[in-house]
Each structure stands twice: as C-alpha cells, then as structure tokens.
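Swiss-Prot has this to say about the protein:
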ACT_SITE  His37  active site, proton donor
BINDING   30-37, 149-152, Leu178, 186-189  ATP binding site
BINDING   Gln61, Gln155  (R)-pantoate binding site
BINDING   Gln61  beta-alanine binding site
Amino acid sequence: MITIHRVKDLRAAIRQQRTQGKRIGLVPTMGNLHAGHVSLVKQAKELCDYVVTSIFVNPLQFGANEDLDKYPRTLDADKEKLVAAGNHLLFTPEVSQLYPEGLERHTKVITPGLSELHCGASRPSHFTGVTTVVSMLFNMVQPDVAIFGEKDFQQLAVIRKMTRDLYLPIVIESGPTLRETDGLAMSSRNGYLSAEQRQTAPLLYKLLQESAEQIENGDKDFAAISAEANNRLTKAGFVPDYFNIVNSDTLSPAVPSDSDITILAAAYLGTTRLIDNISVHLG
C-alpha cells in the first residue's frame, strides 16, 4: 500500500493505474477504522482492480459545537487494517491541502431538499460539508465505483442524489451495516460511550427491530410507533433527536401504501450521538 498526502501525487498515481486499464474503487472515510470500514474496502476489492481509501477528518461537515477536535485520529492502526484488507492507496491530505483559502471561502456543493431532513434538520450544514468533500474526492480520484456504508442511510441517499444530479459517471455502491454482538451498529464514535452507556446503547437498534416488526405485522400508525419508541428511549436515558418512518426512496414521511419503508433514528446518549436505521419491505 502506498500513502499519499498531496492531490497532484494522487492524480499521478491514479493516472498510472488508468493507463493499465484498471477499474478504480474509492472508499471515503474519516479514519478510526473499524470492521465496517474494512468490509467496504473488501467489497471495493471485489468490484475493482485498484482500491483507494481516503482518511480525512473533514472540518466542513462538523458544526460549531460538535466533536471535530476530539474525533479519534488513529492513523497508524488504520494503516495496519488497510494493509491487511489489501487496500492499494491511502490518501490522507491535510486540511490546508483541500481548503487552501479556508472553509468560508471554499466553493460548496448543496443538495436541496434531501439534505435538509432528519440529520440535516439537526445539523444544518452537515450534508453540505459531506457533499462538498465527496465531490472533491470524486474529482481527484475519478473512480469507477465509490462505496459507502448503509448505517449512514441518509448520507448514502444524499450522495446518490448529488451523483445523479451532477451526471457524475460513478457507480455508488453500499455496504451493509456491521454490528457488535449485541446489535449496536459499529461506529467510530462508539468509543466515546462510558461503560454504562455502552450497556444501554443497543436499545436503539432493539427499538428499530421492534418497530419494523410492528409495521411488517400490519400496524400503519407510524406516528404512534415513533412516539412510543421516543418515549422508551427517553426513559432509558437517551435524548432522542428523531425516530422517523420514511419512504426508502424519497426519505419523506411514509404513507400506508408504501412498500419500501426505512426507519431512521438518531439519539444522544450523554454527549454521543448515535444513528441507526432498519428497512422494511412490504409485499
């Protein structure tokens, strides 16, 4: 595996692979890699000849009071995991390399509508930061395929919309959410949880499963299902952000006639924001 820090070196390395007819895959990450990230790299290897993983803690997608400064940076351990997974190129730019004029003066990529719902309502500038940096990575690497995890379901939908709207010749693939043995979705932020919070955290997925089962069994009172889940989260010590039952394609509120439904959930446990989702296919 080679490690590259500068855009011009990245482009030169990619160009060399292109001249050999290689199919390029991209896995964008913010580092602190876990088994979920590694599974995306392995998926990229199955689909492509040459895999590029980026590690960049993107300041543009963090709000003013969020965890940019304390976000875990574990580059040496990340490199070991990537080498073991068979990754070919690691791109780890400095902030000054990607945002030479600073964040305020940098051109932004905005996906109206979809990016304003759910997580976007709570974190207004978050998805603008995501789509901006991902579009930059797409332009630098020009991959044939890019792979994102399904745990960040809304992010995946936003990136698909951006790719479609801008006519980018990139196939967006997704990898399934990997979970701990007790059901908690793997996340780089799980390390923030105290031992007691870690015991409580799996309730979020348990409620998603129970709510999905209710819907599969014919319960279409989505508002009541959401209200009950939020109430149980609150009683357990969470501060719910949302527990929304949506159309899987549009992410707008689900209606009883929808056949593909996703339940999106976000809640704070202490200062840690956990997100998760589950999909329901009816008929």
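We number each residue from 1, going along the chain as drawn.
The backbone N, Cα and C atoms fix where each Cβ goes, glycine too.
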TODO: Would you mind sorting out which of His37, Gln61, Gln155 (the recorded positions) have a C-alpha within 10 A of the one on Leu178 (ATP binding site)?
DONE: His37
Task: Cβ neighbour count (within 10 Å, all chains shown) around Ser188 (ATP binding site) - done: 18
TODO: Ten-angstrom check, please: count other Cβ atoms within 10 Å of the Cβ of Gly36 (ATP binding site), all chains counted.
DONE: 20
TODO: State the three-class DSSP label for Gly36 (ATP binding site), counting H, G and I as helix, E and B as strand, and everything else as coil.
DONE: helix
TODO: Within 10 Å of each Cβ, count the other Cβ atoms and name the one among the binding-site residues Leu33, Leu178 with the highest count.
DONE: Leu33
Open item on the list: Quick check for the class: what is the C-alpha distance, in angstrom and rounded, between Ser188 (ATP binding site) and His37 (active site, proton donor)?
Closed with: 10
